[in-house]
Amino acid sequence: MDNKKSNPPKLAKLLLNISLPKHVKDEICGDLEEEFNLYILKEKGDVMANRWFWSQSLTTCIRYLFIKQRLLSALTVILAISILATLYVAITSLSYASKEFFNDDFWYNGNIHLLFFEPKFWSFTSNSIFESLPLMHLVDSHSAIWACLALLSLFKLDQKYQFNTLIFSILSLALMLSPYLYGVITLQLSSLSNKEVGPLIALMWLPIMYMILPIAYLTVKKLTNSNKNRPLIS
Amino acid sequence: MANKKSYLGEFEHLVLLSVMHLGEDAYGVTVRRHLKNTIDRDVSIGALYSTVERLEKKGLITSKKGEAKAERGGKAKRYFKLTSDGITNLKYTKDKLELMWEKLPDFFSMGAC
């Protein structure tokens, strides 16, 4: 045994600090360090003790990184960003695509979701992903008003009724997709001209664009709080 | 009030017994070492804390922050303590297990396993 004092591997400690949730971070890090210093070093020696600390840290990190709440949060964020990016490209296509792009029936009969299954949309996407869209193309007063009212109502209702994550998500989706459904019904019931279809499609897509990030943020916050609301620390 | 119908899992049972045995000195390190030394069971610290959280939710134990020491890198301990519901639940589980074993009086002497 050498006399120099060994410490747990710094990188493993950093990993624990990054990946553990706040409510158990101090206890778990402290317990591992205490066990390392008081027992494992004496029982196993430096090299094996370091290996022990690494193995304990990794299994603990994996356990806490892959808990349901974190996976759901990550999935929510990825989904929100993907939808936002797809809609951005779709709106770019409305602004820049050639006339042939709009020949399909789905633009006029309400089945606009079919656009996202069209190869031409995805080839347009790869060409236009770095195309800068003037900010004004992303602004629509009706959509903005709807998004503001919907987010405000959602916030107020949540304050009053303290929805759980599932109810909150369902309500958010309903409010976010209402203009889209309105657009689909309008397109199916009436035959609109080219000039009328454009603003209606903007009303279908833009509220989703405006609302998706705040809703994703609130959902993740709710997921995190539902994990925190445990009577753990006295 | 803990619901007697929420039965203890095997590991929950072991953790509660460890906390009971360790008394005032029950925290992560001592519980883990008690399980290792007594029944040779290596428990990951993550599994222990997940179980403790669940037991606390069920109202079977409480926890409080303790002192921070240098050998812990200045981090505080969390001490666990059995609640009266925890003790009741342990006794209930012990009684039921004993009752089940009593139904098999000659199981081992008969060389059944």
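Note: Cβ is positioned from N, Cα and C throughout, glycine not excepted.
Residues or ranges marked as transmembrane segment in TrEMBL: A:71-91 (among others).
Only residues 6 or more beyond the boundaries of the transmembrane segment (A:135-154), in the same chain, are considered here, and those with a CB under 8 A from a CB of the stretch are 88, 91-92, 94-95, 168, 171-172, 175-176, 178-179, 199, 202-203, 206-207, 209-211, 214-215, 218. Look at TrEMBL and you will find A:135-154 (among others) tagged as transmembrane segment.
Here the transmembrane segment (A:166-185) has long-range neighbours at 110-112, 143, 146, 150, 153-154, 157-158, 200-201, 203-205, 207-208, 211-212, 215, 218-219, 222, meaning same-chain residues at least 6 beyond its ends whose C-beta is under 8 angstroms from one of its own. The transmembrane segment annotation in TrEMBL covers A:166-185 (among others).
Per TrEMBL, the feature transmembrane segment maps to A:197-220 (among others).
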